[in-house]
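Record features, source TrEMBL:
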type: REPEAT; residues: 19-53; note: repeat 'PPR'
type: REPEAT; residues: 99-133; note: repeat 'PPR'
type: REPEAT; residues: 134-168; note: repeat 'PPR'
type: REPEAT; residues: 169-203; note: repeat 'PPR'
type: REPEAT; residues: 204-238; note: repeat 'PPR'
type: REPEAT; residues: 239-273; note: repeat 'PPR'
type: REPEAT; residues: 274-308; note: repeat 'PPR'
type: REPEAT; residues: 309-339; note: repeat 'PPR'
type: REPEAT; residues: 343-377; note: repeat 'PPR'
type: REPEAT; residues: 378-412; note: repeat 'PPR'
Amino acid sequence: MEKATSLLKEMSEVGCIPNRVTYNTLIHGYCRLGNVNEAYRVVRFINKPNKVTWNTLLHAHCREGLSENAKKILAEKLDKSSLSKERKERMSDSERKSDKITSTILLDTYCKEGDMDQALKLWTKMSQKGSLIDVTAYNALIHGFLLKNEFGDAYAYLCDMLKRGFHPDLFTYNTLISRLCMLGKVDEACEVHSVMSRVGVKPDHTSYQMVIRTLCLYGKVTKAKNILISMLENSIIPKPFIWNVMIGEYIKCKDLESVLILRDQMRALGVVPNIFTYNALTHALIKGGYIREALDLRHEIRLNGLLPDIVTYNMLIGAACNTGDLRFALQLLNEMSVDCTPDIITYTELIRGFCRKKKMKHALELFRKIQTVGLPTSDVPFQILIKAYCKMGEPEKAFSIYQEMVRKGLTGRYSTYHALFSELLRKGFKEAAEHVFTTHM
């Protein structure tokens with residue numbers, strides 16, 4: 001904008017007078033940057049601001065959230081009651097079109113702000129002029145009713161739209177689907193999705209994504225799969241997000257076969273998985289007991305130009321610890337330090353692994369490292385150590401960890417306190433056992 005302002009100044013210096021188009025271009029630039037105040041400063045230099053000027057400002061205000069004063073000022077620009085009959089008749093098509101744009105922007109703003117009373121008043125004025133009503137205006141009004149969950153009114157205006165000879169477009173259907181999905185009205189969303197296909201409005205990627213995501217959210221993975229097949233039949237290649245949602249749902253169903261089929265479909269269609277896809281696949285393989293395959297995925301991640309993230313490594317370290325391969329778990333810890341920083345979950349998984357193997361010295365070293373590296377404190381590592389010491393018949397060490405946990409203001413589970421109390425009592429530490437009992441049980 002500095003260069004544009006400099007050019008405007010240069011124009012004046014060489015005797016070239018900026019016209020309304022020049023100023024409108026500058027106003028448009030300021031509005032796109034969100035600098036509405038500077039845009040208004042430019043308006044003062046225009047002899048007669050036109051509809052383009054006011055529409056640009058109106059649109060900018062809508063993005064920012066129109067103040068009541070701005071609404072009033074700009075709405076006045078829409079009011080033609082002060083024009084003579086002859087002037088109204090002489091209005092060009094471009095002026096009428098500009099009038100329609102102004103009306104629709106203002107209508108859309110009222111609707112998005114939930115002020116349906118003002119929206120309907122403006123709609124009445126627009127209806128009286130006839131030419132100001134179009135599909136975009138209907139979409140704005142329907143969207144407004146849907147935002148307030150007034151489906152009856154939304155469907156009523158949808159019917160009115162059809163009666164007037166306007167055909168709902170992609171935006172109309174996507175608006176309906178979006179709101180229905182948001183409210184969990186899955187069957188209705190699917191019906192709208194089906195209707196739009198039958199009447200010749202081709203669903204786009206967004207249409208499919210909303211329906212598939214909602215179906216998966218409500219556990220209807222078979223129906224989601226059928227929508228995915230329909231999407232592919234219509235030559236729309238799903239983006240990674242949709243594949244991730246489907247894979248995630250199959251993981252919940254413990255259907256590893258379907259997960260791997262989806263992965264192969266992605267590859268066949270040339271869809272490059274993102275890190276979320278790989279993490280979902282890693283999770284599925286680990287759950288299915290395919291630890292080696294899960295570990296191999298981290299190499300594929302790098303081959304596709306990505307880096308394993310903290311989630312990837314935490315899952316792999318957890319899997320290595322669960323299989324008792326602590327040496328490899330530590331190797332993964334060193335490897336991950338190149339790509340990302342270990343977090344509390346990383347150390348917790350390792351502590352759990354070493355405790356299972358009763359290698360308490362290593363477990364304590366990792367426990368102390370959590371504190372030295374400045375990670376957020378969690379009760380989980382404390383509870384793992386307490387239970388491990390109790391199982392090993394060393395309640396005095398468990399009690400020491402418990403006291404440290406209490407000093408940090410952390411609270412454990414009932415099962416942890418019960419295990420500690422029982423072992424302290426069994427070993428004859430009655431005073432400590434009584435303290436745990438009276439404080440937590």
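Cβ atoms are placed via backbone N, Cα and C, with glycine included.
Bear in mind that TrEMBL entries carry predicted annotations, made automatically and left uncurated.
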Same-chain residues at least 6 beyond the ends of the repeat 'PPR' (134-168) whose Cβ lies under 8 Å from its Cβ atoms: 100, 103-104, 107-108, 110-112, 114, 116, 119, 123, 126, 175-176, 179, 183, 196, 199, 201
Long-range environment of the repeat 'PPR' (378-412) - Cβ separation under 8 angstroms, sequence gap at least 6: 344, 347-348, 351-352, 355, 358, 360, 363-364, 367, 370, 419-420, 422-424, 426-427, 429, 432, 436, 440
Residues in the repeat 'PPR' (378-412) grouped by DSSP into helix, strand and remaining coil: 26 helix, 0 strand, 9 coil
